[in-house]
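Going by TrEMBL, these are the annotated features:
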type	residues	note
DOMAIN	1-471	domain 'Major facilitator superfamily (MFS) profile'
TRANSMEM	68-92	transmembrane segment
TRANSMEM	104-124	transmembrane segment
TRANSMEM	189-213	transmembrane segment
TRANSMEM	234-253	transmembrane segment
TRANSMEM	296-314	transmembrane segment
TRANSMEM	386-406	transmembrane segment
TRANSMEM	449-467	transmembrane segment
TRANSMEM	549-568	transmembrane segment
TRANSMEM	574-594	transmembrane segment
TRANSMEM	639-658	transmembrane segment
TRANSMEM	721-740	transmembrane segment
TRANSMEM	752-772	transmembrane segment
């Protein structure tokens, strides 16, 4: 990280405030030493040098009335970005009553518009400048927002909402770039506080919607006419007019100066100097910056579901509690909006705290946001739900405030629009996916809430890797590896969905030995992937330049296996294709991919390892939700076909990102020496072989609850939906456990951590499963606790192997392959041994407990799970 000095002559100087730097010190009251976010050479050196001069000049001018006005006018963009995306949820019920359509389609239309707007305006502002983008976005939103109020049918409304979304989608990426370009470095923390405008938007739109929707809407969809349903139209008219008023203030009252950093980025040094002069004059200051100063540097140097459906969820849950009226629904929405306001100010304060900063604030707030989201599922009354949602809203506003401030800060000013475009476009893509999922998922269950909470916690914890490995290569690899993990492991671990469909279809189930062969597909697949490590790792360590070839071949085999399996109904061929061939392809893809991890991450390798392994849990959460509706609608063959194409479309674009940090020639030089003279010190390590043995036994025990949990739930007389929630909760816990354990493995002794995991998992299995799982509450408690505790074991692997291979990525890959193989042995034998243990119950004449009724988890199913639970413990 490079440092440079800024002259401090402005009375507005505040040395405790700087958002884009990590260290600040003042020398003799005249110099402020700032740490540049970018290492020398990371960005164009000429531009970097000029940007530092501009930073100096803006800091000399200080925080003045121009920046205060800019804070307000840029805040209008936050206000619009809060109001208009929320509007689809606020008007959803009365619009459905009048136009009779599937609700998620309105949100889908809005999010498509937001996505298009994020792409056009953010990328465009780096081409044609900030001013046009800054002034046109609100104009488009206001005009089409007004027009949407006059819609006569759903198609017209959706089209106009999508078009206004094109305007709204550009506000945050453009306005954040504008604000950062013209504010002194010592006051960049105000970008975090800017989220108060987002909270005010929530407050205003909720305050307007409450009386309008509650008093001017149809009571039901029966005979709902336009004249009886004007509330949502009044709301759109008012918000459209208000947005046009804000645009008028921007365009006619406030004069936005073009970004000087953007101007020097396109070679217009004289115009950049003129902007600095006008900025100083506006603030009643002077500036000595000249074009020659900028040119002198030239010669010296040149040698990435929730709020959109909130009112609907509040109403539907309120109906279940007997108080789901429109009045109560929009009153609660207003209360939640008020709760969010102080969060913005708290975020601005927290990011400046020593030892916490942006990373800590983001990680803590996202963790609490996810926790309160989980807690909403426990609500049994409308007031309880409101209370939990208050906590969720408060901490989520802190999270958003920090997130939207960090995003523009990490990009150079000349590319800030494009960088913001990438981030906000990714956001809008997932916003588009949310209503699509809602069309097919059951929003009445708590499963989407568990998924959302887990993903929020995961995203927040990822921020802990931020300053350690800033490079695009490290981040892109970690993202790609996460998705590869989710796809390769997610499909076989979710095979139970296909198994249920096969066993209930006579053309599969009526075949000889179908009942014994079909259940083998999942274990065969995971077993092959696990046990392939010792066979693939020697090849890719000796011939590292074949790693990428292996990944492409593996991708082709994964696609071919599922696509070919979709054209056969013969059980033995399904085992060969969907089980064995898929696993071979997955192994060729997965093991070379994971071998690059040790090249990119060192100090936080354990946590990075936990992030990648969390992909398995995320795949295990999402696929059981996505696959059943498809199988129900199209059948297993067509679903397999769709899945094979989806896997190819997801993985192929990621493959270019999966590569090593070191040149292959250097890896080759670090690789194994000729046979017979290699580094075999690790084979003499007694502690490593103790680890392998413990890993095998842990692998045997780990998979038992995952396999038997649905059967256990069935014997508790719980329906299939409830057992799915238990599995989803286990996988959500796995996400948390793998991340937390990965983080801890970088901090504390791996043996202490590993023994703690084994001991706590054994205790949780015996107490929560064996003793307390005699009802739903006990089973769900066990699922969550087991997911958090047991799943973290694999995240300790890097803590054990790092001392054996501190600077040898090839040896690290070899050790990983051995551990993967030993865990696979446990996986293969866990199902037949646990099946034998349950069958022993009918032939046993002795038991540790008297199973007369379900007073204990051991008693469930007449006690048939007792020996299996004890053995797993």
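Note that Cβ sites are derived from N, Cα and C of the backbone, with glycine treated the same way.
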Residues from the same chain, set at least six apart from the ends of the transmembrane segment (549-568), whose C-beta lies under 8 A from its own: 488, 536, 540, 574, 577-578, 581-582, 584-593, 636-641, 643-645, 647-648, 651-652, 655, 658
Closest-packing stretch to the transmembrane segment (639-658), where packing means Cβ pairs under 8 Å, from 68-92, 104-124, 386-406, 574-594: 574-594
Within the predicted model, mean pLDDT of the domain 'Major facilitator superfamily (MFS) profile' (1-471): 74
Residue numbers, six or more beyond the limits of the transmembrane segment (752-772), whose CB comes under 8 Å of its CB atoms: 691, 694, 698, 701, 705, 741, 744-745, 778, 781-782, 785-786, 789-790, 792-793, 796, 799-800, 856-858, 866, 869-870, 872-873
Within-chain partners of the transmembrane segment (386-406) [C-beta distance under 8 Å, separation at least 6 from its ends]: 19, 172, 176, 188-189, 191-195, 198-199, 314, 332, 335-337, 339-344, 346-348, 350-351, 358, 361-362, 365-366, 368-369, 372-373, 375-376, 378-379, 456, 460, 463, 466
